[in-house]
Amino acid sequence: MVRVGLQISATLENVDKLETSHPDYSFFLKLKCSNCGEQSDKWHDITESERVQQDSRNAAGFNFFMKCKMCSRENSIDIVDKSNAPYTADDSGAFKTIVVFECRGAEPVEFSPRVGWRVSSAENGQQFEEVDLSEDDWVEYDQKNNNSVGIYEFASKFIKLKK
């Protein structure tokens, strides 16, 4: 079992906090089988609030379960409880871990941010729900503070973590 952290980096303009709408946020990931190295071409969605029970060895189920098409190995991924963290203005421009995945047989290799982010603008400004970061940049107008808010140069990477 390997723990993998999803790190993001972005330049924030008049934004105090960027976070997923966990536990209902769907992380869209491309995965690689740790056994044979086969990498999926399709996006798989993993949501903390959803569990699948494909394996009789784990009655609680998993957040994600798949069988490798190449080697037939059964792989699963869970989102580590309470591992979700916001990306804040203090983090702007640097990579920060926002969620940790517990991986058994499959590892994430690519992340697509898509819709479902929450943005809190600076100085107790407007809250934005269901923000779509699929274009890697997002701009809106904060009517409460009469200024623009934005997220630019969104990037992500995965890092292996020690337990």
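Backbone N, Cα and C define each Cβ position, glycine as well.
DSSP assigns CYS68 (Zn(2+) binding site) to coil in the three-state reduction, placing it in neither a helix nor a strand. Residue density at CYS68 (Zn(2+) binding site): 20 other Cβ atoms are found within 10 A of its Cβ, drawing on all protein chains shown. For CYS33, CYS36, CYS68, CYS71, the entry in Swiss-Prot reads Zn(2+) binding site.
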Rank the binding-site residues CYS33, CYS36, CYS71 by the number of other Cβ atoms within 10 Å of each Cβ and report the first-ranked residue.
CYS33
What does DSSP say about CYS36 (Zn(2+) binding site): helix, strand or coil?
coil
